[in-house]
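What TrEMBL annotates here:
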type     : residues : note
COMPBIAS : 1-11     : compositional bias 'Basic and acidic residues'
REGION   : 1-42     : region 'Disordered'
COMPBIAS : 12-26    : compositional bias 'Polar residues'
TRANSMEM : 91-115   : transmembrane segment
TRANSMEM : 136-157  : transmembrane segment
TRANSMEM : 177-198  : transmembrane segment
TRANSMEM : 219-239  : transmembrane segment
TRANSMEM : 359-384  : transmembrane segment
TRANSMEM : 404-426  : transmembrane segment
TRANSMEM : 432-449  : transmembrane segment
TRANSMEM : 456-474  : transmembrane segment
TRANSMEM : 480-502  : transmembrane segment
TRANSMEM : 522-545  : transmembrane segment
TRANSMEM : 551-572  : transmembrane segment
REGION   : 650-674  : region 'Disordered'
Amino acid sequence: MAPWPEVDKPETNNYIGDSSKQNQNMAGKEGENHKGNVASLGNKGEIQPAFSTIALIDETRPEEDPWALPELQDTGVKWSELDTKGKIIRVLYGIGKFILLLGLLYMFVCSLDVLSSAFQLVGGKAAGDIFKDDSVLSNPVAGLVIGVLVTVMVQSSSTSSSIIVSMVSSTLLTVQSAIPIIMGANIGTSVTNTIVALMQAGDRNEFRRAFAGATIHDFFNWLAVFALLPIEVISGYLYHLTNVIVESFHLESGEDAPELLKVITDPFTKLIIELDKSVINAIATNDESAKNKSLVKVWCVTETNVTLQNVTISPSENCTSPEFCWTDGNVTWTLKNITETDYIRKCQHLFANSDLPDLAIGLILLALSLLVLCSCLVMIVKLLNSVLKGQVASVIKKTINTDFPFPFTWLAGYLAMLAGAGMTFVVQSSSVFTSAITPLVGIGVISIERSYPLTLGANIGTTTTAILAALASPGSTLKYSLQIALCHFFFNISGIILFYPIPFTRLPIRMCKTLGNITAQYRWFAIFYLLVCFFLLPLFVFGLSLAGWPVLLGVCLPLLALFIAVIVINVMQKKRPHSLPEKLQNWDFLPIWMHSLEPWDNIIMSSLAFCGKHCCGFCKCCKVNAEQEGAKDNQLKTMEVYENTVTMADEERGGRRAPAGASIDKTGTNNTAL
C-alpha cells in the first residue's frame with residue numbers, strides 16, 4: 001500500500017477550517033474541474049479542509065406532527081395536458097370508481113347488519129338470560145356493565161333497548177333501573193367502529209389517526225357515564241325530567257317509524273339470514289317456552305286465528321260460566337278460545353331449511369361477515385386514496401375541517417354536530433355512520449378535532465331515531481319506550497354540555513390522541529384495549545356485583561382511587577414536577593414492566609416470532625419485511641456519505657485508506673477531520 005503524503009509542520013488550521021471559509025472556497029471553486037483539484041493536492045502535498053455538499057445528519061430537523069393531515073398529492077397527468085381521448089377515459093374512470101365506491105359501501109353496511117345478526121345468534125339467548133336476574137339489575141353499576149355486555153354481544157343498541165322496553169312494559173324492570181342499562185348500551189355500541197379501525201393497522205400513521213378517531217367515541221361515552229351515573233343515582237334527574245315530558249302529552253300509538261337504510265339493505269340481508277328477535281325478549285321476560293326456540297326465522301308469512309272450541313277439563317276445575325259447561329259421562333266439556341297459527345310461506349334465506357344449531361350458524365356468519373367487512377374496508381381505503389388526491393382532496397378537507405372566521409369560530413363544530421345527527425338519522429344507525437368516517441379519519445381527510453363533533457352528532461341522531469321508533473310502539477309499551485328513548489337523548493345532551501362547549505373540557509380529544517400514539521408504536525395494544533374495555537372489565541365488575549354491594553365497593557373503590565391518583569400524578573409529572581416529592585417525579589422507582597410497555601412488547605414480539613417459525617407464509621412475509629427494512633437502512637446510510645477531497649485523491653491513486661486512528665465523527669461539528 002502506498003504511503004500517505006508527508007506534511008511539513010502540520011497545523012491544526014490546515015485540517016479544521018472555519019465553516020464560512022469553506023463556503024467561500026466552495027463558491028470560488030464551483031466551476032473548476034474536480035480532477036484538477038486532486039492533482040494539485042498531490043503536487044503541493046498539503047491536506048485542505050474537507051467539506052460536504054449535503055446537509056449533515058446531525059442538523060436539527062423540525063419534527064413532523066404525526067396528527068397533521070397529510071397532503072394527498074395527485075401524481076398523475078394534469079387535466080390540461082390530456083387530449084380529448086384521455087379526458088374521456090379519465091371521466092369514465094371517475095364514474096366507475098364512484099359506482100364501485102357505492103357498491104363497496106353497500107356491502108360494508110350489509111356486512112355490519114349480518115355481523116349484528118351473527119352476534120345475536122351466538123350470544124342472544126345468553127343476553128336474554130342476563131336480563132332475568134332482577135336483584136342484579138337493581139344495582140346501577142351492575143346494570144351499567146350488563147348494558148355494555150349485552151350491546152357488545154348483540155352488536156346493536158336498538159336491540160338491547162327493545163329488550164329493556166319489553167321488560168319495563170312487563171313490570172319486570174322499573175324505569176329507574178333501566179337508565180343505567182341504557183348508559184351501558186351507549187358505551188357498547190361504540191365497539192363496532194373500534195373493530196373497524198383495526199383494519200387499518202397496515203400503515204402506522206393511518207392506524208394512529210383511525211384508532212384515535214374510533215376511540216374518541218369510547219372515551220366520550222365512558223367519561224359521560226362516570227360523570228352522570230352518580231348524579232342520576234343520587235338525584236334521578238333523568239327519570240324525573242323524562243317523566244314530566246311524557247306525562248304532559250296525550251300519547252297515542254302511531255305508524256311504524258321510517259327505516260330508510262333498511263329499505264335498501266333488507267332485500268340483500270334477508271337472503272342471507274332472518275332472525276326472530278321476539279325470542280330474546282321472551283327469554284328476558286321469563287318465558288320458559290322460548291328457551292328451546294331457535295332465533296332463526298323459518299316461516300316468514302303466518303296467520304293467527306282465534307276460534308271458540310269444545311275442550312275437556314278436569315272434573316275438579318271450576319267452570320267460569322256454568323252454562324258453557326256440560327258433562328258427558330266422566331268427561332267435563334267447556335268452550336274456550338283457542339289460538340292457532342297457520343304457516344303460509346317459508347323464508348327464502350340460506351339457513352331456512354338448515355338443521356344446524358344457532359351457535360354454528362352464528363359462527364359461520366360471524367366469520368363470513370368479518371371477512372367481507374375487512375375486504376370492503378381495505379378496498380374502500382385504497383379507492384379513497386386513489387380518488388381523494390390533488391384539488392379534490394384539498395376542497396373536501398377545506399370544506400370539512402375549516403373553521404369560520406372570528407368571532408364565529410365556535411359555530412363550525414356545532415354545524416358538524418348537526419351534520420352528524422342528520423347523517424345518522426338517514427342511515428338509522430350511529431355504528432354505521434361512525435364506522436364509515438373512521439377510514440376517512442385514517443387517510444387524513446377528516447381531522448380528529450372535526451371527527452369529535454361529528455361523533456357527538458351521531459350520538460344525538462341515534463336517539464332521535466329511537467324516539468321515532470318509540471312513537472310507533474303499541475299502546476301498551478308506548479309510554480315506557482318513549483321515556484327510555486328520552487332518557488337516552490338527554491343523557492347524550494348532558495354529556496355534550498359537559499365535554500364540548502369549552503375547549504378545555506374536550507378531554508376525549510387528548511385521551512384518544514394519547515391512545516393513538518401508544519397503539520401506533522405497539523399495535524398489539526389496540527386488541528388489548530378492546531378486550532379490556534368491552535369484555536374483561538365489564539365481566540369483572542359484573543362478577544363482583546353478583547357477590548353483593550359490600551364486595552363490589554370494597555374492591556372497586558380502592559382500585560378507582562388508585563387509578564385517579566395515577567392520573568393526577570402523571571399530569572403533575574408533565575405540568576409541575578417540582579411540586580411532587582422527588583421520588584414521585586418519575587416512575588423509575590417501580591419495576592420497568594409496571595411503567596413501560598417495552599418489556600411486554602418484547603415478550604409478545606418474541607412469542608409471535610416463535611409461532612412464526614411454524615408458519616411458512618409468516619416466515620416469508622417476515623423475510624420480505626426484513627429485506628425491505630434492510631434496503632431502507634442501506635439507502636439512508638448511502639445518503640450519509642460525505643465528500644472529502646483527500647479521500648477522493650486516495651481513490652484516484654489506487655485506493656489508499658486512512659489509518660485506523662483517523663475517523664469521522666458524524667455527530668460532532670459541521671467540519672470533518674482526519
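For all residues, glycine too, the Cβ spot is worked out from N, Cα and C.
Using a Cβ-Cβ cut-off under 8 Å and counting only residues 6 or more beyond its ends in the same chain, the transmembrane segment (522-545) has close neighbours at 136, 139, 141-142, 145-146, 148-149, 152, 184, 188, 191, 194-195, 197-198, 201, 207, 211, 215, 218, 222, 515, 551-552, 555-556, 597, 600-601, 604. Looking at 219-239, 432-449, 551-572, the range that has the most CB pairs within less than 8 A of the transmembrane segment (359-384) turns out to be 432-449.
For the transmembrane segment (432-449), the partner stretch with the most Cβ pairs below 8 Å, chosen from 91-115, 219-239, 404-426, 551-572, is 91-115. Beyond its flanks by at least six residues, the transmembrane segment (551-572) meets 139, 141-142, 541, 544-545, 579-580, 584 of its own chain at Cβ-Cβ distances under 8 Å. Within its own chain, the transmembrane segment (404-426) is flanked in space by residues 260-261, 433, 450, 452-458, 460-462, 464-465, 496, 500, which lie at least six positions past its ends and keep a Cβ under 8 Å from the stretch.
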